[in-house]
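Novice: Relevant sequence annotations retrieved from TrEMBL are reproduced here:
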ACT_SITE  S67  active site, nucleophile
ACT_SITE  D194  active site, proton acceptor
ACT_SITE  S360  active site, nucleophile
ACT_SITE  D510  active site, proton acceptor
DOMAIN    23-209  domain 'PNPLA'
DOMAIN    316-523  domain 'PNPLA'
MOTIF     27-32  motif 'GXGXXG'
MOTIF     320-325  motif 'GXGXXG'
Amino acid sequence: MDGILPNIDPIQPPIYGDLITILSIDGGGIRGIIPATILSFLESQLQELDGEDARIADYFDVIAGTSTGGLVTAMLTAPNEKNRPLFAAKDITAFYFEHGPRIFPQSGGLLASVRNIVKAVVGPKYDGKYLHAIIGKTLGQTRLHQTLTNAVIPAFDIKQLHPTIFSTLEALVAMSEVTLFKGNPDFFPIKPIDYGRFLVISLGTGARKEEEKYSAEEASEWGILGWIASKGNTPLIDSFIQASSDMVDIHISVVFQALRSGSSYLRIQDDTLRGAVSSTDISTKENLENLLSVGKGLLKKPVSMPPTYGNLITILSIDGGGIRGIIPAKILSFLESQLQEIDGKDARIADYFDVVAGTSTGGLVATMLTAPNEKNRPLFTAKDITAFYVEHGPKIFPNSGCLLASAKNILKAVAGPKYDGKYLHEIIRKILGQTRLHQTLTNTVIPTFDIKLLQPTIFSTFEVKSKPSLDALLSDICIGTSAAPTYLPAHYFKTGDSSEGNVREFNLIDGGVAANNPALVAMSEVTRQVFEENPNFFPIKPMDYGKFLVISVGTGTQKKEEKYSAKAAGKWGVLGWLVNSGNSPLVDVFSQASGDMVDIHICVVFEALHSCSNYLRIQDDTLEGPVSSVDISTKENLENLVSIGEGLLKKPVSRVNIQTGKYEATTNEGTNEEALTRLAKLLSEERRLREAKSSHKTPPMSS
């Protein structure tokens, strides 16, 4: 390229080397100073080796960043007039010090604080004018394709309700970007999903887990206001952001451990932040200097370590979605009926899947399918689950018809949870009794989120032997994963024996905060078992995703309704983001983003392995009006949800379009009903194969 300094050449594509190098930078507002400090040190080390003109962009195939991390990414990769990076890494810290106080202006005095609180409730806390001006001035007319190495910056389209990934590779996010189903010549002949060739450095902006700011006891009393403002913090946003970050780290850690290449993945994060340094917008001189010290201190800290008899590993995943759990219940009822046609009326879903995973309402469905009755058979048939929702839904989510009652409910939701959860807790405890996680009839995985620890807690039968504290009552797990912020109270319980001093406390909210679509969590749990050489999965090779058969069932979304727009959202304050036309945009955005990113990643994996027929995602993204609600349980709406589930069976198999985030019908896979019929035969054949092989061998120990 013209104008490049003679002693530094642009990075050559991976085809010429041994590794695919990726740098990832988290979001975190003013805390971007922390990764900036880390990157300054890294660049200084590269300069010691290769000269003072060395820059971060010269060494990474992909640099990805979100929010403040996206700004850092742009500063590292955008070209100056000499076609070299616009900023040296060391200059980024200075940028935050100079401009942070004007991007996030701090007002002193009690009156100013009150004015800011009122302003934040009715509109954005900051108008963004200075931020927009300085970014426009710094980056000018430079476009994405002009970056000096591949750049990936995720955003979220509030109108389309799906992630938008700005990427010079025009595909996916970071590691998913370089899976090779498109045959990019820069990356050939690296094999698809050859994660052993990746070198990943992931930089966080800090977290405040150890502060344990929240508890289930206090969260159980929060309404809308409590979730958006507690002790000067925003618990709902904290939970969603931390859950999203943690789930990525969990998955990548499992991948690299499975490949025995943990040294190729470095995550640098400080989860001990407290007070002002944990804020995303406190830009006083004192706090900026403290953030700089946090970054320097991190450099000194030690690195933190992050089915034998058959041909397939079979996984069923069920999304969260409140009363919309009726939709997957109808889909699973059809699947079970097909299995019964092949193998007899006693066939049950749990007989065919190695793992059944569910989040929130999906966690309840997963438990009903896998918990044992007195005959050690599944507690519910799939067809009974729809009847359960129709019978108990109106009492779990009681709807009041009159205007006065509606106004009273709104006021109640502002001050505390919309529903007290008493009936839900009562009915769950009645049907599940004292049954614990280890007693499920097949491996069960249910994500939750611990509001006190600010991290996901995954209840998994795979883990109970090594972590007995996770062997909780299924009733507690289901209540916890269903405790949706603003709708139902957070759930506290403990496990273990206090006399032996091994008690563990749980402060749980809805698992949808972490993984509304738990398919990837389930796949990661299996990968972990392969890595640990669980005899039930060994000698399957780590990351042998070609042996996975995954059925993932959604509860519907409202993407096509296009309920929100940037123009409208630009005027929202705290209340607008929490309550808008009877909906909660903030919850919708985080839940939808989480689910979509899972589907995008899994689609890429199966396309890369040319085994799309082994992954079936059934989802309706055309919901509108009451059927898109998580809690409207009128007779009419319940009947409409049943009809949607039945109608979804007749629709063609759809796959997510990676570019638009929308589901598009495939041309050669038939309807969902036909796909499930095909997979039912495959599941039956797999079960018969295992039975035939196991009759000639000593079966492995149960997991």
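The backbone N, Cα and C atoms fix where each Cβ goes, glycine too.
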Novice: Between D510 (active site, proton acceptor) and S67 (active site, nucleophile), what is the CA-CA distance rounded to a whole number of Å?
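Specialist: Rounded to the nearest whole number, the Cα-Cα distance is 25 Å.
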Novice: With DSSP assignments reduced to helix, strand and coil, which class does D510 (active site, proton acceptor) get?
Specialist: coil
Novice: Quick one: DSSP breakdown of the motif 'GXGXXG' (27-32) into helix, strand and coil?
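Specialist: Looking at the motif 'GXGXXG' (27-32) with DSSP, the answer is 4 helix, 0 strand, 2 coil.
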Novice: With the cut-off set at 10 Å between Cβ atoms, which of these active-site residues ends up with the most neighbours? Options: S67, S360.
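Specialist: Comparing the active-site residues S67, S360, the most crowded Cβ belongs to S360.
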Novice: Measure from the Cβ of D510 (active site, proton acceptor) and count the other Cβ atoms within 10 Å, all protein chains considered.
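Specialist: Around the Cβ of D510 (active site, proton acceptor), 31 other Cβ atoms lie within 10 Å.
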Novice: Roughly how many Å lie between the Cα atoms of S67 (active site, nucleophile) and S360 (active site, nucleophile), rounded to a whole value?
Specialist: 28
